[in-house]
Each structure stands twice: as structure tokens, then as C-alpha cells.
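Record features, source TrEMBL:
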- 241-262: transmembrane segment (TRANSMEM)
- 372-394: transmembrane segment (TRANSMEM)
- 630-882: domain 'SSD' (DOMAIN)
- 706-730: transmembrane segment (TRANSMEM)
- 736-758: transmembrane segment (TRANSMEM)
- 857-882: transmembrane segment (TRANSMEM)
- 932-952: transmembrane segment (TRANSMEM)
- 1170-1188: transmembrane segment (TRANSMEM)
- 1200-1218: transmembrane segment (TRANSMEM)
- 1224-1246: transmembrane segment (TRANSMEM)
- 1253-1283: transmembrane segment (TRANSMEM)
- 1303-1325: transmembrane segment (TRANSMEM)
- 1337-1360: transmembrane segment (TRANSMEM)
Amino acid sequence: MKKRPQSCTFRDTCGKKNLFGRDLPCPYDGAPVEPNDKFRTLLVDVCGADFAKVPTCCTVEQVKVLRDNLQQVEPLISSCPACRNNFRSFFCDFTCSPYQGSFVNVTSTQQTTSKQTAIKSVDFFASEKFARGFYDSCKDVKFGPSGYAMDFIGGGAKDYHGFLKFLGDEKALGSPFQIDFPDRAPDGFIQLSRLPRNCADADLGSKCACIDCPTVCPALPYQPTPEEAARSCHVGPLSCLTFVLLIAYGLAVLSFLLGLTIERLVRKKKDRAYERVALSEDTSSLLNIQGANSHPVHASASANGGNRHSLVGASSLALYFDGEESAAPSDPARHHLGRGASLLDPMETAQPRQYRLNTLFRRFFYRIGYICAYYPWLTFAITFSIFAGLNYGWKYFQVETDPVRLWVAPTSESRIQKEFFDEHFGPFYRPQQIFVTAPASDPSLTGPVTNSSTVAEKLQPVLSWDRLVWWDRVEKEIAALETDEGITLHDVCFKPAGPSGDCVVQSVMGWFGDLDDWDKDSWEERVLSCAESPGDPECLPPFQQPLSPSLILGGVEGNDYLNAKSLVATYVLDNSLNETLVQRAESWERKLRQYLAEVSQVSPVKAGAQVFFSTGVSLEEELNKSTNTDVRIVVLSYLVMFVYVSLTLGGNSSRSDEGSVIGSILSWFFNIPRLFRKKNVDSSDPRSTPTWYPRLPRQAFIGSKFFLGLFGISLVILSVAASVGLFSFLQVRVTLIIAEVIPFLVLAVGVDNVFILVHELDRQNTLHGPNAHNPALAAHSGTHHAPLSPTSFRSPFASTHDESDGDGDSMPIHLPAEERVARAVAKMGPSILLSTTTETVAFALGAMVPMPAVRNFALYAAGSVFLNALLQMTVFVSAMTIDLRREEANRLDCFPCIRIPPRIALTDGHVSTGKITRFFKRKYGPFILQRSVKGVILLFFGGIFVASIIAIQNISLGLDQRLALPSDSYLVPYFDAMDKFLDVGPPVYFVSTDVDVKARSGQQKLCGRFTTCKETSVANILEGERKRPESSFISEPTASWIDDFLKWTDPVLESCCRVKKADPSTFCRPSEPAGRCRPCFEGSTPPWNVTMEGLPEGPEFMRYLEQWLKSPTDEECPLGGQAAYSSAVALSTDRSTVVASHFRTFHAPLKTQSDFINAFAASHRIADDLSASTGTTVFPYSLFYVFFDQYAHIVSMTQEVLGLGLLSVLLITSILLGSWRTGLIVTTVVALTVVNCMGVMGIWGISLNAISLVNLVISLGIAVEFCSHVARAFMGMGSILPIDHPNGQRERDERMWGALVEVGPSVLSGITFTKLIGISVLALTRSRLLEIYYFRMWLTLILSGVLHGLVLLPVILSLAGGPGYAIEDPDAEWMSYSIRRQGEFEYTPFVADSDSLSD
């Protein structure tokens, strides 16, 4: 039926649907009615001037009901005039428009309780333009601390369809009848097409503040996202740095290949020229050899002059010999000094330069070794007494367990800000969070599941009726939990409405209220309804705050809420600085943890679900668990090291002619078949004669060093204990990392010196022990020189040569055991001093990292290493002397009271060396010192350097907290579930100080909802940042206390700020009737308005503020400040001013460490911008900031600490080695080692944090240990040629070869293998933190250190090493003897004569 231009569809009321229902309109197919004056006034007051001159389809009663309904939403939308006026126009047109019949059609009617016909449902035809504009004007309007008005007026609708549906649905607190909104109007009807107001319009009836209307917000300066900021210069997929490095390295390789080719062509040309005169040269050489006996010096010069491959500097080098290899002393070939020797001054030829500091150190260590060797028991008594005193500090032993005090520096800016926040606003709440999932056990999603320590990959929808019933029962049992002290959830939970209010429990059960009111058929509809409209009053939980689906459902794809993969339940407990209240909360949390642990065990059977949880006490308890400190691993590490040390230390004894234990057993095993032969072949060697039992060598019982090895490891334990005692006395607390790592570190580092000392003592025993043989003495005099006086402290170093051969005639054959020990200490003491000093300094530099756990670790490590070195240079020296006496007395190692009769030793004058030594001497040394090999090595390590620099660019920052937990902790899967299912970020507070909020100018710096608020105010800037979450990491609206407070004073909100009519100076209580009260600013002059004129200032501001902070938040006045803001404003002691206040918002969901770090950086950037724009002090605070503060300066700190470390290495090595050139080379190699370690960090997924930074600092010290002994041996080989001498390169090659032979085996077996053994046991740890940040990094360090120390360093030193010096003291007797015998000193060059290296 066609409608008239002005017509109605319904009018007046016809009764109620039921006893408790509301009045329903009557169908009315008539013309609109002209209202009387009184009615007109009311209508214009409610609906505006549009109804001032037109008839209406409504009655007075309907307009009054409409007024009351609009008044209910007024607190929600009044801050935005566009939304408010659109809302009023929408319902005024629907109810009173004279054209109602054109766009409203009755679709069904019903009988009321008064037996009248009333409307049941209607169709409301609204144009898309109006509906969309209506929705857009309201969708961003904020309400309350961090919510939207749309959550309440539109049920959280995401578009205008959902908005209109929520408005039209029949519900108890909504429309009393159903209103549908078809997209199209049928014939005879038109769509309501009123022009909607826009929040950005200039007129005061439309324009909204930035906080409610993003389009009017000022444009913020461009801020790149972290991804954009990380994009530096690129050439295709490569960074510019990578591209340049690859190009440079490619050019270096091409240059090397080109140079090598040219060099070989030139050499080939010279060889052809040389061959043409070979005959005459050979004839000349033959004549020179024939005259060698009468003119040895000149003969040697002529001979070597014809050999262009000979080396020089012979008299400055030690002679390294094998019994199988050494030429007879009478061989004329052993008197060659090399080319040009005859041109040198005899004294200079025999005596290289001296380094006074080295001489002083050698004399000092000789005296130390001498005293400790001659007085071992006195040394034991004095040293152990001192260390017993250090262990007295255990009385003050304390373990630090507080995560904040462990991982956050006291001077950290974030920690200071946290303490300020806790003091003024109270500590952050104590959340208890639970995730419930339903693993899919088979394709049909049915059947039993088992509980697991990880979140299942395949999950079925967690929501089902049976599972809801089970979880409802669990929540009721949690609410009923009671501790032994009688504490319940209600006693400790956070109640926004005050002590008598309800607890904050965020759970899907909050949507249902009482689950008994629902069944299998209706629960799904309820979930969908509340998920789409969480602000629906029927969906509100007891604490009356909307539950967003993102808070309680996880793993939701789009809007498919019924197929959510996880339930999320959060119990919020109150927190306090009062220890008593905290202990009460912790007590209930432990009860909850115990209960949830039981639930997680039975949930797979009872509900087919997995339960992952965390309580307020969980993190600290799990971090402090001792499961990471696996005692078995520590014990195993020490046992393995003990076995290795014992076997290896005994394997270098000079008494090695009897073979090894393993060799004897194998020989016996293979000879067993000969026992069953009829005729055994006689053998001159009785060891090859078959026997029924193996004949073990005497060396296994006498030469073994089990007790000495055990003693050395015991000293490691003692040094750790003394370090703990010392620093405990100094109030430096122990951390679990110290307990877990220090034993491994000190074991791996401390045992090195044991090997070095014992190996040098074995060499001294070979030269001067009871079985030493001196063929030179037998050939010349056969006399026996008396040993040096043990009390004279005369220098024992009788030559500039190493004692291996050249000074055989100037020193005695046999020296006492004490003298040999003193010589060994004097020889290796400076090397140990160098490595110990650099390690201790490097470890101590780790204390520059302000994080207490790391700083304390560095201090304890430095102290342990230093004390261990002191013990080794004193007590262990005495133990070596005692063990040496035992061995030479033929007493058993394990049973020294038992003495085995000595055998007759038939020596042939040959001294055999170990396989490793022979390898370095015959194979390795000559190989790497070839020119072409040097080039390849330099290119290889250059490639490693380039690859490391490229990989360093991939190092990430952060430390996943899961790594710090025991691997079997229940928190590990909880954090996994949180990353996977929680779609809400942590809250962040922007704290404002130094602003006078009583003054209008101060208010305008903070507010955002009033027209005179500054564009750069705190509220406006935070709202602008929320619009770009990709760079600000802020995703929720800001809870602006000052906006809500000032809005609370709006007289339009009649139920909020009220004073008594009889006494306006007295505020009305919420329960007082409206007749006795009036709005606070009703009739005030100037009137209250959005320009902030008429709003409170000065003392009046504080008076109203105090009242607002204690006003409840309820249905009558949702803007009351008690629930949301009672802790957001800190008042002065006399309550006369605001000291500080905070503005709360939320971060976007943070999943990775980089997300947390970027969010931390973004919030500090925003706070700095706010401080600059407002002239106040603003800082951000979030619960995780204190743990991520380190990353704001971790990169610069890494550069500073490593730079200082390298500088200290340069100074120490240069001074102790006596050469800036050599010190610079060592420092460079150490730096390359550290760069290599950092490159592996980028490849192996090791993040940069305080722990890895300390490990990098430690790597400086340990890398020096791989280099220092080689460098010092190189320097100690001495040199007689200037650096720029034509033969200087050949001399450096000789010195480098000699250094590798001398210390290479010790570096490999005594440093590398001990560290590998000590660290490899960490691979068995159950702690991911120890595995990644200690095992992986230290394994990388050891491998990189040995490669750089034994491969790259020798090459660079042979090319550019500094001039050497005599490692012995000069002696007048030696020099006179040397001058007399100058022609007999010779070094068989390994390059010139390959036969000298053959067996």
C-alpha cells in the first residue's frame, strides 16, 4: 500500500510484553499530529531544531522515554558531537519523524499483557550513506580508561551492519521490539537519507577531538618502521658492506694468483740461468769442503754461499733434536753459521740482544720456583693458610634470586623509573594466566590424548560443551581455593569497584554468567553473540568490563570464534609494596600453582585437553631452581679432565723407552697365538716374547702422574672456593650462573698452566735429569761440572741458547730436581704471567657490564683465574718437586711407599720426542712456512674474516627468557602457548611529571578531548602514535585520566559529579536520591563547555579530583575514577597538587625478542617527543622494560668493552713481549679471533646480550692464551740481524719454526685439548642457556683460537714479527766459551737441508 508523504507507522504505547517488560508502541497508519507548546519544547530539547515546526508521530510519553534512553548513552558519546547528534537524529527520526511511514514498515505484531496489539518487529530502511556515516562518526569514540563507546552502544561492531544490528536487536537493555535494517526498500518505501554529521566538520555541533576522530589529528613526523630503519644501503640482495667486502676479497685472491704466477715464471727463468753455471759452482764447493777442517769459518761461508736456500741466524736459535735425527758432533756440516756469518762481529754472532724486563721476570720466577721447590712443605703451609683465610668469607655467602636485582643494573634508567612507578602508583598487578588447548590425536579429532611438555602442533577446536562444563568446574574450584592461613582468591584479587566488588577474572565463562542457564544447543550462539558484541550488557562479566575475544580466545582465524584453538583465563591479583600483603598473595599463588599442576596431569583424561599455566611466583621459583646445576655434569667434567691430565702428564716423561700401556697390551694380545705354536722364534727383545699375561711398562707405575693431576684439579676447586669466599666477604652475591659456569671455565683455563709447567719440566729432565746424555762433553773433556749453588741465586741460564744442545759444554749434565723445577718455572713463568694477566684483565673488563648477574660472574671468574694461577706458581710447583723426587726414587705413583728396584739404563745418546713434537718439527712447521702456503693461509683467514663480517650483520639482540629456565620447567610450554595464542600486548604507561595540572596551561598539555587542548598534548600524540602501530607498537586507545575527569564534571551527566542542593560545598553520595542533588557545574558562570572555559582550576581542581578518584564506576556514572584511575594519579603528601600521573595504553602483540626491543625503543622515542613538545618530563614504563634496557646501549657497550680489552691486550703483550710490532700482531690475531666468534654467533643463532658480551670479553683473554706462548717463544729465539737485513725473512722463518717446535705441542695438547674436554661436557647440560651461550660460544672460541694461534699467527710473525731477544741470561763464562768455539755453533736449516729432518 502506497504511503502518503507524511505518515506514521506506529504511535503511542499499547502495553508490555510481560510483567517486567517495557512499553511497546502501537501500530498506527495515520497522519502525524501537531504537538502543543509544552510538548514542542520538550521535543526540540530532545531532538533538536529540526522538529520545531513539523508535526510528529510520537507522543509526550514516547519522547520522555526516548530522552531517558538517550541520557543513558550520553556519558558514552557526549565527547564527540558528531556521534552524539547522529545518534539522537537516528532515533528521533525513527520515533517522531512525520515521514516515519516512508522508511519504517511494521512486519509483525503481538498481544500485550493489556490485550492490545503492539509492534513485534519492524523494518527500518536507512540509506547506506547515512548508516555508514553514523557508524564512522562513533566507531573511534573513546570511553573509559582504554575502551571504545562502540563496545557499549554497538556491541563492539566492526562495520555499520553490525552496529545497526546491535541497535535493533530485541534485548532487555536495548530495544523492546525487533528492528531490522534491510539493505533495500521495497516499493512504496524510501530509505532515510539524512546527511550524517562528520567528526571532522568545522561546526561545533560536529567537530570532535583528535582522540575521538583520527582524521582531525595533527600529522606526526614520519617515523620509519624497524624494518625500514634496518634497510641500509643495498646492492641487490646484498648490503653495501657485504658487496664491498666481497669485491675487495675477490681482488685480493686475483692479485695473489697473479703474483704467484709471475713469481714462479721469474724463478723458473733464474733457475735456467743458474743451471748454466752449476758445474763451476759445484767444483768450487767441493774445493771448499776439502779445506773445511783447517778453515772452518770460511769454509762454512763458502759452502753456504753456494746454497741459496740456506738460512741464517743460526747462533740465535735453540737446537731441537731427536736422537734418531741428530748428526754427530764431529760432522763438518754442523759448523755452518750460514751466509754472511763471517762478516758479523763474533760477540754479536754469539749473543743476541737482551730484554731487561724479561730477564727480571725470569730471575723473579726462578727465585719463586727455587723457594717453592726447596721448601715444599713450608709453601704448602703458608699458601693453604692464606687460602683458608679467604674461604672464611663463605660466612657472608649469599645467593641472589630476585630476577630484577639479577638482570637489571641498579643504575639502569628503566630500573629507576620502575622504582618511581612502584612508589607513586603501586607495583604492577600479579597476573595468573592459563592456556587450555585440545590436541588432535587422530584425523577424526576424537580419541584420547596425552599430556605433553610442549604445545601440540595439531589442535582441534578447544570449545565444546563438555569442555566448557569441565572448565566451569575448574574455575569454581579455583575460586574456592584456600591456603592453610585461610586466604582465598577474594582476599587477594584485584577488585576495580573497591573491596566489596568482584575480582577481575578474564575468562570465556564471563560471557555465560551461570553456565547452568545454557545447554548444548545454545552455548554456541552465546559465544558468537558475545564475541561480536563484548560490550553487550548481557555479556559483561561480574567486574563489569567488556571481555574482548582477543583476551580470552586464542588461535582465532578471522571471526571464526567457535574454532578457537585455545582458551585463555587470566586471574589478576593485587600487588603492593607491603611485604605482608605480597606474602599473602604469594601464598595463594603457590596454592594455585599446586592445584593447576594437578589439573594439568589429569586434564588429558578428563577433558582431552592440555593445560599450560603461570602464576605470580612461577618465574622466580623456576629461575632459582637448581635443576640447571646438574651436579653429575660438573663431576663428570672434572673426572674426564682428571683422567686426561693424569694420562697426558705422564706421557711426556723422559723415560719413554719402555713403550706405553696400550702398546704393551696390544703387543701381548697379538703375541698370544705364538704361545700355541710348537716352536717359538727367539727374539733379542724380551718384550716381544709371548707370555700368558701382559708385561706392563714400569713407566705406567712410576712415570704416571695421577696424584699430580688430581692435585692440579684440586687447586682449581680451591681457587673457585677462595674466589667465592673473597667476593662474598666483599658483599658480591653469588648467582646461579656463577655456580653453573665458573667451575667449567676455571677448569678449562686453569689446567693449561699445569701442562705447560710439566712439559717444560720434562724437557729439563731430558737435558739435565739422571738419564741425560751429553755427547759434546764426552768428545771434549768427559768432566762433570758441579751444579749451581742452591743458595746463591746465581743465574742458572748459562747461555743464550735453549739448553737443549748448544750449551752442553758450559753447564753440568745432571742438576738436582729442585734446580730443574726452578729452571722450568723460570722458563715458562713469563708466558704464564702474560696469559694470566690478559685473562684476568679481560675477565675483569666484563665487570663493566652493569647487569649484576653478568658483573658478578666476571668478577668471580677473574678472581678464580688469578687465584688459580697463584696456586699453580707456588703450591703446584712444590707438588711437582715432590712428584719428581718420587719418580727418580722409583716409587709408585699411587703408592709412593712402594719402591721398585731400578733397571740398568743402557742409553745410546739419543733422546726421543713425542709424536706431536715430531709432527710440528718435521711436517707442520716446514709446511706452513713455505711462501706459497703462507699466501694461501692469509687468503683463507682473509676469507674467514670477510665471512665473519658478513655474518655479524645477522646477529640479533635479545635473550629469550625460556633459555634461562630449566629445560623441564612447566613455564617453557606456557611461554610457547603465550606466543602462539595471546593476541594482546603488554600494557605501557606514559608517566608525566613536572606539570602543574591545576593551571589551564598544564591541563592543555595533557588533555585531548577538548577543543583548546594542544595539538601536541600527551593524549593527542599518543592517539596519533596509535594510528601507526607498525612503528609505535601501540595498538589500543590511551586511558587519559584528565579527559575522563574533566568530562565527569560535565553537568549534562546528571548522575556523575553531584553536590547537594542545600549545601553545594558537599558532594552527594552515589546512593543519595536525585531530588536532593544537582550537577556540580549546573548554572556555573562561565558555563561548562568543550573549550575548557568554566572547567575547574586551582584548589577547586584538586577538590573535585579527590572526589572523582573515590567515585565508583557504575551504570549510573561509568566515568567514575575509582576503578580505573585511583592509582593513576599520585598526589603530594598534603594532597595539594599532583606529583605525577600516568596515561595507560597497550603495546601491539609482541612475539619475538626483536618485537620487545623495538617496542621498548619506540616507547622511549615517543616519551622523548612528548617531553620536548610539552615541556614536561615524560617517561614510559612497562613490566618488561627493566629487562630490555640493556639493549638500548648493548652495541655501543660491546664496542667500548672490546675496544678497551684489545687496548689492554696490546699494552700487556707489547710490554711483556718486548716488541710493539709483535704485540700489535698478537692483538690483531686476537681481534680476528673475536670477530670470527661474532660471525659464528650470527650463523649459529646466538643473540647479542649481556651474557654473550661477557663471553666475547672472555674470548679476548682466552685467545691471548693461544697466541702468547707462541709469540713469546718466537721472541725468545733471539735474532742477530737487523729487521731490514736481506736475510731477515729467513731468520724469522727459523725463529718461527723453533717456536712451533718448542711450544706448539703444549698449545695443542695442554691448552686446546684441555679446554675442549672441559667445555665439551657442557653439551650434556639440560639448560638451553648454558648450551647456547656457553657451550656453543666457548667451543667456537676454542676452535677459532687454536686455528688463529697455530696457523695464522705463525705466518704473520714469520713475515713481520719483531726482533727477538735472548730468553736466557747472559753469562761471562758462556760468552768466553762461545767466542772460543764460535765456529762450532750451527743450526741445520730445515729449508736448506731436508735430510736433516728425515729419520
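Placed from the backbone N, Cα and C atoms, the Cβ positions cover glycine too.
Curation does not apply to TrEMBL; its annotations are automatic.
Below 8 A, the CB atoms of the transmembrane segment (1224-1246) and the transmembrane segment (932-952) form 3+ pairs separated by six or more positions in the chain. When each of 241-262, 706-730, 932-952, 1200-1218, 1303-1325 is scored by its Cβ pairs under 8 Å to the transmembrane segment (372-394), the top-ranked stretch turns out to be 706-730.
Sequence-distant contacts of the transmembrane segment (857-882) (same chain, six or more residues past either end, CB-CB distance under 8 Å): 365, 368-369, 372-377, 379-380, 383-384, 387, 390, 708, 711-712, 715-716, 718-720, 722-724, 726-727, 732, 734-735, 737-738, 741-742, 745-746, 749-750, 753-754, 757-758, 761, 817-818, 821, 824-825, 829, 832, 836, 839-841, 843-847, 849, 1254, 1257-1258, 1261. Between the transmembrane segment (241-262) and the transmembrane segment (932-952) there are at least 3 Cβ pairs closer than 8 Å, counting only pairs 6 or more residues apart in sequence, which means the two stretches are in contact.
If you take every residue in the domain 'SSD' (630-882) and average the pLDDT, you get 70. The transmembrane segment (1337-1360) is in contact with the transmembrane segment (1253-1283), judged by 3+ CB-CB distances under 8 Å for residue pairs 6 or more apart in sequence. Most Cβ pairs under 8 Å to the transmembrane segment (1253-1283), among the stretches 932-952, 1170-1188, 1303-1325, belong to 1303-1325.
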